[in-house]
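Structure first, then comments.
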Amino acid sequence: MSSNTVAQFATELKMPANVLLEQLRAAGVDLKSVDDAVTDSDKAKLLESLRRAHGATEGKKITLTRRQTSEIRQADATGRSRTIQVEVRKKRVFVKRDPAEPVRAEPAVETAAKPVEPPVAEAPAEPVAAPAAEPQPEQPAQAEAQPEPTPAAQAEPEPQPEPQPEAAPAQAVAEPVEPAKNVSVTETEAEQARPEPVVHAQTELTSQTPAPVAQPSAPAESPKSAKAEPAAAPKTTAKPGEIRRAAAPAAPDRAREEARRAAEAEAAALREMLSRPRKVLRAPEPEPQAGALSGTLHKPAGKPATTAAPKKDAKPGAPGAKKTIKTAEVSSTWSDDSARKKPADNKPAVTTRDGWRAGGKGGRGGRNSRNQHQDRRHEQVQQEFIAREIHVPETISVADLAHKMSVKAAEVIKQLMKLGQMVTINQVLDQETAMIVVQEFGHTAIAAKLDDPEAFLDETAAVTEAEAEPRAPVVTVMGHVDHGKTSLLDYIRRAKVASGEAGGITQHIGAYHVETGRGVVTFLDTPGHEAFTAMRARGAKATDIVILVVAADDGVMPQTREAIHHAKAGGVPLVVAVNKIDKPEANPERVKQELVAEEVVPEEYGGDVPFVPVSAKTGAGIDDLLENVLLQAEILELKAPIEVPAKGLVIEARLDKGRGPVATILVQSGTLKRGDVVLAGASFGRVRAMLDENGKQIQTAGPSIPVEIQGLTEVPAAGDELMVLSDERKAREIALFRQGKFRDVKLARQQAAKLESMFDNLGEGTQTLALIVKTDVQGSQEALVSSLTKLSTDEVRVQVVHAAVGGISESDVNLAIASNAVVIGFNVRAEQSAKKLAETNGIDLRYYNIIYDAVDEVKAAMSGMLAPEKREEVIGLVEVREVYTISRIGTVAGCMVLDGVVRRDSQVRLLRNNVVQWTGHLDSLRRFKDDVKEVKSGFDCGLTLRGNNDLQLGDQLEVFEIKEIARTL
């Protein structure tokens, strides 16, 4: 369309024709009406006038970018918490736009002024929803009152070519009297832009002359009328963009200064707005944001905001209106959700989640925002610390302890590492360690009372009360080794047990019952060797009376004293049998004196302990001994119920190859029958067979009767309590519970011991002798392991890798191969396959039947592992009689051997006035001209010292050697 008249040119520029006519007249073009023709020269004059009014081209945009990095912790699919690095990049562009472009929820200022008069009329302009494909970016402003640049151009000038669409300066209002209003507009726009996730927040300030004030441009005006209003001006050859930039008359310098100040104030307000989003985020309530829109520069407070107009009236195709609606809704949703989900607490807001540029373009920003909001909710799940009461059982794994405290197992492991204990997640902790960890986490630790199935046993015992009847006494024979305990019992039993025992010493605890003329007596024979302390303690625990056997020719020995202590600890009365009185060297009076020193006072001295002189060889005094024992039993009035389920004590236990686990039981109360379900420690079973001490089958056994039973699931520990239960299922449950409890406690103790030994042996060259011990009975295993472990020293440590009852099997040899151990068999032998495997792999198998033989050989092996001792031995003394200095050789000493011998490989010590001057080696030794290996006393020789030429007449050389001597334990 050709712009031939003023009206057509005004239509092309989309501005009122009368405004354009006024600007043409101000440019010096003589036109009378809007129907007059406009030439190219007229357009050039108008363009030149507008350029003079505005000055040089200024930047049209401010681009602000921000990049923030934060960390969030989020659980993955496996439940593990992972730290994720989140980088948020946001960009915001402030653009000076044309008045014809859509305004983003902001009122535009349209003011116009005459070339000389500064007053400005104001009216909010409605945003026009222009099609996106319309190629008319260079649309002129409606009017320019003063040449005032926007704060965006002041803050960051970006000169661009004139034809560019964004190069047209946004015409700001040049109001010398009201610069603060522009600042108010910017602040209002900033308040609107903060909660909205919009990348391009564009500011628009337009101007208009007083003439169009009468035009209807109120907020109620529709966008269509606003769009059709400036459409009646013909095109000319001059570029519309240039005409638009020059569409205002020149202004005085004073007005430019005022405009510059206003622009600086607006730029300061913009900077303040950029630094304000963090404060906005801390206030989740949306009320302050709504209040910021209540009173603006162009509208009094209380009226509906102009931002609502684009949401309702703008075309759906207008991108500005659509984006404004979406972002406003999303922003309000976030604000409401934040206010609803996040109560007011003292935690600071996380500024990396939301912000003045929080959103993105299109759907991406919303999706990212939702994910960030979920992360925020995930963080809120972590609650404050709550102190709990933690019930800690005897043993507990690290994982279970962490679960009880509601923390991760890794935190418990870290805490244990701080306490100096290296553990894994499945490792079992003892109760003491677990309680320390619980207290370290700030909880209260309580020793738990487990759901113990053994409580059932107490209930059973309470129910089975019955009338007690007299029972036979249980007598334990104690004393030092070789004092004649077993021989005394042999005479009483009319049997020969001692002659059949290895080495003539008792190594098992034996139980027998003997029928005498005055009644039945049950005897327990205990070992006297020092290794069997635990066995003697068990014997004293199970007994009613103790016979203390003391040899009349030997007196009180260490194990005699130990037996006295066991008897006193158990509160058991003593009867002293002074044995071997038939020997010529017997001295019973000395024995009495020594026992009085141990607080065992005989009756004849005013005490309460009967002393009976006996001889196991001739039988003298045996009847008096039994009479005293039965007298003590009558005083004690021993009774026990008979018609109740049996209870007893495991005296000894072993693994028999043909019969399985065999236990020697002393029945203490009730009656034990064949077929009863029994529980002994961690083993249970049904009694399949019962044998007396002579090996005969019996069906029942009453109180104080020792029997051997078969049918247990495994070998019980000596000293365990045995009881009969009515329910086999209950017996199995209790046995399994005890097994797990014992295993857990053992593992926890082992771990603590390993840690202690690891720190003790750190940096030391400690040798370790590994042993695997297999014995015939449980008591021997216990005694042997205890004796061998006591042999450990600072340099050599005995480590019992495995100890069990039974023969040496192939699995034992395999364990010895893996641990490089020596296998010790005590009264047992190896299987044929185990022998072959041991020979093939060079494993040392040792068999013993006397306990102190095993102890002595292990001690000898440990001695061989000790580092040899180095000793210095002086072998000769040499005196220097002459000193020669020879070139290329050094100082040669002519010497006389005064004592001993001098060897060429010996070490020497140089003495001067009996003070050591030097210690080293001989370099050469000669007699006359010949090299010799040694020179004996009384002969002279010549010698040189290695590395020392300081020799004088009268010096002495002490010749010595270092010898290694094997050490013993």
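In case you wondered, yes, glycine gets a Cβ from its N, Cα and C as well.
Some features that Swiss-Prot has for this protein:
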type	residues	note
BINDING	479-486, 525-529, 579-582	GTP binding site
COMPBIAS	105-157	compositional bias 'Low complexity'
COMPBIAS	167-181	compositional bias 'Low complexity'
COMPBIAS	216-252	compositional bias 'Low complexity'
COMPBIAS	253-264	compositional bias 'Basic and acidic residues'
COMPBIAS	357-366	compositional bias 'Gly residues'
DOMAIN	470-637	domain 'tr-type G'
REGION	96-377	region 'Disordered'
REGION	479-486	region 'G1'
REGION	504-508	region 'G2'
REGION	525-528	region 'G3'
REGION	579-582	region 'G4'
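Secondary structure of the region 'G4' (579-582), assigned with DSSP and counted as helix (H, G, I), strand (E, B) and coil, comes to 0 helix, 1 strand, 3 coil. If you average pLDDT over the region 'G1' (479-486) in this model, you get 77. Secondary structure of the region 'G1' (479-486) per DSSP, as helix, strand and coil residue counts: 2 helix, 1 strand, 5 coil. The binding-site residues considered are G479, D482, K485; of these, D482 has the fewest other C-beta atoms within 10 angstroms of its C-beta.
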